[in-house]
Structures are given as C-alpha cells and as structure tokens.
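Enquirer: Structure incoming, see below.
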C-alpha cells in the first residue's frame, strides 16, 4: 500500500508546484504590465514641497490670525481687561454662565478627583435635586480646561477666565484651519482655503455664535468635527497613498470620538454624515471598504462614549447606531454578484430597502429594551413645528417663539448675497450636483467610466469626496431652511464648498464640456478662471469688508449693566449662604456663577424635570393668586423670589410670544383658537400685584431689595393674614 501511495503523493505535489508556478507567473506578468512610476525630477519635487509648505503656512497663519481677531474683538466689545471679576462673569449669559461656573468649581476643588466627584454627585446647584452635571451638561471641556490650567502652571501667569476663553478662541482658529485644509484638498490649491477663511470671517454673524456665547458646547465641539471632515475628505480621495490613508484614518478616529464627547447632540450630526456616506456607497461612487471603515469608527466611538459618559443610554438609542448596525448586517447578507449587471442593480435596490427597514426596526427595538431619557420634548416640538399637532403647553410654545428655532429670515439670505457667497455657492452646487447625476445615470446605463479622472475629462461628479460633500451640504441646508439655529452648521459648509468650486479647474472644465466651448482651449481657460475669479472675489471682499472689520476692532464698546452688578453684590453681602433663589432660568444661571448660591431652575432644555420647573417658576408672571405662587415656590424650598421688570413689562416684537402671553394661553386665560373657552381669572398679574404691597401679597412675600430692573422678595415662613 505504501508503494502504491507513493506515486499519487508525488503527482499531487507536482500539481501543487505547477499551480503555484502558474500563480507566480501571473503575478510576474501583472507586475511587468503595470508601468513603473518614474521618479519626478528634482525641480518638480521642489515645486510640490514649496506648494505644500506655503499652503500649510497660510492655513496655520489664517487660524492664528482669526483667534487673535476674536480675542481683540472680545476685548473691545466688553472692555474685558478693565473690568472687575464680577462684571466679567456677568458677560456670560444664560447656559454659558452654568458651564463657566462649573469650571470655577473645578479650580476651587482640593483635588481633581474630588472636583469630579462633586460634579457627578452635585446637590449644590438645584434645590431638592442631585444631578450628574458632567453627564447631563457635557462638562468634559471644563474638566480638560481645569486640568490644563493647573498642570501647566498657568495659575501663576494668567487669570482663569482668560485661560478659558483663550482655549475656546484657539479652537476657533483650528476650526478655520480645518475648513481651509478641506477646501484645499478638494480644489488642489490653497487659494481656495484663503477664500474660505475670508467668507467665514465676513459672514461670522451666520457662521458662528462665538461672539454671543463663548462656552457653548458647539464652540468646543465643531472644531473637532471640522477636523474630522478634513480627514474624511482626504481619506475618500482615490489617489491617496498608504501613509496618507493611515494618517487620515487616525485623525478621523480621534476627532470623531472627541467630537462625540464634547457635545450631546453630536451623534445626530454624525447620523447625517453616515446617511451621506451610505448614499455615496449606494451610488457605487467609492469602494465600499473605505466607507465601511468609517462605519467602524462610528461604532467604536459610540460604545467608548457610552462607557466613558456614565453609560449614556442616549447613544444606544441614537439613530446613528441603528443605521450603522443595519449597514453592517446588510453587508454580511450581500451576495457576490458581478458588477454592472442587471442582477447587481436589483440587489442594490434591495440592499437600500433592507438598510432603511432595518434601521427603523432596530431603533424601535432599542428604545423598547433600553431604558433611556432621550429628549422626548424634542419630538413633541418637531410635531408642533411641522403642524402635525397643536398644543397650549407653555414650554413647547416658548421654544417655538425662540428666534433660533424659527425659519431663517430674509436678512440671512441678504447678508450671504451681499458678500457674494450665496450666488457662487448655488452655481457650484448646481454644477457638482448635475455632474454627479450624470455619472450615476451613466453607471446605471452600464457605460464604463475611467477610474482615474483627469482635468480634460471634465467630470467633477465622479470624485467620491466631492459627491459626499454635495450630499452632506444638501442635507444640512434642508435642515437650516427649517430651523435657523442650524445655519451655524450649514454656512461654514457653504463657505468651503463655494470657495472650492470657484478655485477648481475641474469645475470650470465640467461647465465648458457641457457648453462645448471650441473658440478657446477649455483646459487653458479653466486654469485661468480658477485663478482669476477667486482673485477678483478676494479683491472685492477686501475693498468692501476689510475697512468694516478694522472699524469693529478700533471701536471701543462697553458692556454696562449696573443693575445686575448691584443685585449680585447684594446677594453676596446680605443673603444667607443656605438661601435658595427663584426666578427666570437665565437669571438663575448668572446667580449660580456670580454668587454660588443655590437656585430652583437652570437655563437647560434637555431635561424634562428642569423644563417643568422652569414652567412652574415662570408662573410668577401669570394671573395666579399669591397662595398658588407661594405653594409653587415653597415646594422647591425657595427662600427668595426675584421679579424682573423686563419680563413683567415686556413689549415683544412677535405677537403672542411674550412670556406672560404664553402663560395666559397655557392657563386658559385668553382665547388662542376657535372653540376655546375663555377662563376668567379674578386675580391680577402676580408680578404687578406683588409690587403694590397689599394683602394677601404682603402676607406671603416681603420686599427686601429693589432697583430699576429687579425686585427681590423674601418668602415668609410664618404667614400673617391680618389685613
């Protein structure tokens, strides 16, 4: 038997050797067929290096100049260096005051660990409520800033407030640099980056809220998102080498996770990005492997964020996780079908339907089994916003009346048009979108397209990074047309895309291909226009807007609010340390920052309990009895009540949007719709009646301080009903 087996084994070995030899020969043939790239001449390498060096220098310089500009403008606007600490802190308004107050608390803590523990088990901010402030308010920026301030020894060099706002201004510089790089990567010239920065600064009223509220979460988070987009743009490019891909992948991973940690709403923005990538993959405009690598980054960031954000269940029920899991499952179920065939096209449609169905199903299942406190009021708000429901609820109607949650005004589009941004953006978007649709229909029709796109092809719609940006900007723009506050996400994109387009020879070449230009060589004309048009735009912007920017820096403004300063001074000197104050949420945020005293409510709108507290405390401006108001305030253990004259005697520009009007609607004291019954209130408006000092108001409340803007009442513990 052994002798018989010998020849067969030898024969098998020969076959294996022959097959391996054949494979090696095929490899050798492939290698011999592929052209060996010639080394570029030294002068070409020097030109490339000089171009990259000048571009990087311009990008970094633009970011630094913008950060310095913000610092100088902030100083001139508030006369910050000549203010006392209390006056500086008053410049932080609303929720910004809360964020900065926790930064102060961290610096006062005996150790970092103790400071974190006090924030995660905080019972010194809101009465009768212990909150995890780090999780609920996303205080990771404040934790990082406090560590850096103490670890770098900056406490001996610079004041805490300057260190804090300096970090935020520095991040805004990184934001601008990232937009510069993204436009540069897309167009191939750093001239596009310069134009992006110019448009961003000129339209800064619509590109950022840094001037109005420095500590906002978006001011900390969006620079990282801009870095992530820059890395993603480079990662999607077809002609990127291996080292470039690795760098972009690592930068994308780090910036995605950091962005998710900095802002509680970041996963919604990443969901829009994932939808854009899914559509890009569905159109077969990029290798699926790269897109699915980005999905893995989402998964990693979500679960790491879930663990480090104290098991934040909002991340588990987020639409981003459901979509990415659905995409992963759909890829596992995909069959290996030959591309560009009829069956492959049918499978694409089935895959698209499967992903959409799985996403919705998974999200519903996750919400059923994962206990969460996802912002339910947001869904109710959207229902009312789009006319799917009607409500008299004070909180919903108050949110609808906020300017940032309404549709954009005509002034917004007028400002973008005056700076020439909107017309060029529309032109670039139309050309890129039509070119993209042209490529898609050619693929559907089975026409073969060149893998490497050259300038002569005039096919800008075939580049995957361009198509991703077109889809993403359309999604963001659609949302910005509904809610004005989202313009701060869309307008920077507009600056970047418009600048890329006018500086890109490929875009002009695509246009000339459609026009069938024959009189002048189209490639030469495209190269000329890609330099001449942005130069003309830049010169016109310099002539019109540069003097305005210089005037803003030279003009010394002054933030003057003596009434609030007097109120805070009185609280610190006269009120007991254990006192609890009640009033409007915006004022309570300032009291928490400037005095450290406990309050009944906060200007935060991501917690149902705080929203209910805000509505109850606002009843001091309604037509309710003194006894009702007293019961509400004592239920929150309040000791002092602050009535603001600006709210009590408010003259609103929008009819029905004053706080007292919204309260009257919610309490049924006015008719707001046909068929509603008017509930007559026998009581006057509390904020007016309590100032008159007559019974029964004086039985419950004793006025202890007042000035032109504020009236402070002590809530009596022993009530006398003597007339």
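Note: Cβ is positioned from N, Cα and C throughout, glycine not excepted.
Heads up, here are the entries from TrEMBL:
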- 18-32: compositional bias 'Basic and acidic residues' (COMPBIAS)
- 1-34: region 'Disordered' (REGION)
- 52-73: transmembrane segment (TRANSMEM)
- 161-178: transmembrane segment (TRANSMEM)
- 184-202: transmembrane segment (TRANSMEM)
- 297-330: transmembrane segment (TRANSMEM)
- 350-370: transmembrane segment (TRANSMEM)
- 422-441: transmembrane segment (TRANSMEM)
- 466-483: transmembrane segment (TRANSMEM)
- 489-511: transmembrane segment (TRANSMEM)
- 523-542: transmembrane segment (TRANSMEM)
Enquirer: Residues sitting near the transmembrane segment (350-370): Cβ under 8 Å, six or more positions beyond its termini, same chain?
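Expert: For the transmembrane segment (350-370), the far contacts come to 278, 282, 313, 316-317, 319, 321-323, 325-327, 329-330, 333-334.
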Enquirer: With Cβ-Cβ distances below 8 Å as the criterion, list the same-chain residues six or more beyond the ends of the transmembrane segment (184-202) that contact it, or say none.
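Expert: Same-chain contacts beyond the ends: 51, 54-55, 58-59, 62, 66, 69, 176, 230, 233-234, 237, 419, 421, 465-466, 469, 492, 494-496, 498-505, 530-531, 534-535, 537-538, 541, 545, 549.
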Enquirer: Three or more CB pairs closer than 8 Å, sequence separation of 6 or more: does that hold for the transmembrane segment (422-441) against the transmembrane segment (466-483)?
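Expert: Between the transmembrane segment (422-441) and the transmembrane segment (466-483), contact is present.
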